[in-house]
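S.K.: Okay, handing you the structure first.
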Amino acid sequence: MRLFVGLGNPGAKYQGNRHNIGFMVIDEIARRHGFSPWRRRFQGETADGVLDGERITLLKPLTYMNESGRAVQDAASFYKIGQNEIAVFHDEIELPPAKVRVKVGGGIAGHNGLRSISAHIGNDYLRVRLGVGHPGAKELVHNHVLGDFAKSERPWVEALCEIAADNAGLIAKGKDASFANKVHLAMQAKGFYDNDKQAKGGERDK
């Protein structure tokens, strides 16, 4: 089995924040693939289902972003799974809006949710990095990620969540590069990317 973690903050106040795009994608996976109803456990909410023959548990930590690792550690301990069976979907300010990159391990780029997870379980889990853009100055980052997506951004946000959810089975199968490529091509076909920009994915897909 695999654990898919979406990062965000709980509550209506944060629901539309850029920081919550991980929650949004995980919610869409549950909706589009007929997962079980959400229930409270592991200091979060979970839903269970199957993607491309792989058993998946979705987890949305309710600890607030900075303590996400506590929920991930609880779930990983319960299921007795290692870092290689965990995928974390999170907002990424170092990527342009709507861009997606997939990688195993690496730095945390100042992301407090990733910092907490790495502190609790180690650093070698899969990250599905969902671009939300950079506001241009370090002092603006806090308000940027805790701000809601603008009305003009909603079309690509909705499209990205749907396309990522439709192709999530590739992540379940360990085909990270194929996932990134499929998302890129589908978003490009909808007109959200420039044609001259190439998507780059993970390295595990052979």
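Here the Cβ of each residue, glycine as well, is placed from N, Cα and C on the backbone.
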S.K.: Kindly point out which candidate in Tyr14, Tyr193 is recorded by Swiss-Prot as part of the tRNA site with Tyr64, Asn66, Asn112.
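M.R.: Swiss-Prot names Tyr14 for this tRNA site.
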S.K.: What residues, ordered by sequence, lie under 8 A Cβ-to-Cβ from Asp91 (site 'Stabilizes the basic form of H active site to accept a proton') and sit at least six positions away in the same chain?
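M.R.: Within the chain, Asp91 (site 'Stabilizes the basic form of H active site to accept a proton') has Cβ neighbours under 8 Å at Leu7, Arg18, His19, Asn20, Ile21, Gly22, His111, Leu130, Val132, Val145.
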S.K.: May I ask you to report the DSSP-based helix, strand or coil state of Asp91 (site 'Stabilizes the basic form of H active site to accept a proton')?
M.R.: strand
S.K.: Please report how many Å separate the Cα atom of Asn9 (site 'Discriminates between blocked and unblocked aminoacyl-tRNA') from that of Tyr64 (tRNA binding site), as a whole number.
M.R.: 5
